[in-house]
């Protein structure tokens, strides 16, 4: 059995973490070794970088600084968690990965795709997710959900225009590579979203055992 790398993507309030946990439980019912992780973060060092990225601050963070911190955390995460798990045949479920960088730093911050792609190749080599679930919903719905959770982090404090650009970047990436991306309507009820995940489950299990 070969490892499978599945990422869950989407803007704020899309329910990625909840549905990552749901998918993990369903895969474990099939006896699969599942590793749950997230970005930025996933290791103690990468989690400290996450704190730098998310904590509101009086000092404005340059877009290039943000981008480099994201990839620094990712390099550690790949070395310590993702690559070892895939090597032993596990299913890795990651809440955000490099698609988020193209969406947030590319779409939201306006950094060039070429700059991001250069770092992607340097840090990841040929490693890309096998499957990416994109949880899509209107920006105003996602921001309302995020606000209901409590104190907003540095990204969640951005305005609607930023998140519209993030959403469009995700949708464009999903449209360009439909063989890798599955687009899910996250504006539905949680039960409806999880029914959509269940519909994908047989194909995922088959790929894990193939």
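Yeah, the Cβs are placed from backbone N, Cα and C, and that goes for glycine too.
Feature annotations, reproduced from Swiss-Prot:
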BINDING   10, 11, 12, 13, 14, 15, 16, 17  ATP binding site
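DSSP assigns residue 15 (ATP binding site) to coil in the three-state reduction, outside any helix or strand.
One way to see the shell of the ATP site is to take the Cβ centroid of 10, 11, 12, 13, 14, 15, 16, 17; the remaining same-chain residues with a Cβ within 8 Å of it are 135, 137, 142, 145, 186. Taking the binding-site residues 10, 11, 13, 15 in turn, the residue surrounded by the fewest other Cβ atoms inside 10 Å of its Cβ turns out to be 15. Neighbours of residue 17 (ATP binding site), defined as other CB atoms within 10 A of its CB across all chains, total 13. Cβ neighbour count for residue 14 (ATP binding site): 25 (other Cβ atoms within 10 Å of its Cβ, all protein chains included). Long-range neighbours of residue 16 (ATP binding site) (same chain, six or more residues apart, CB within less than 8 Å of its CB): 8, 9, 10, 95, 96, 135.
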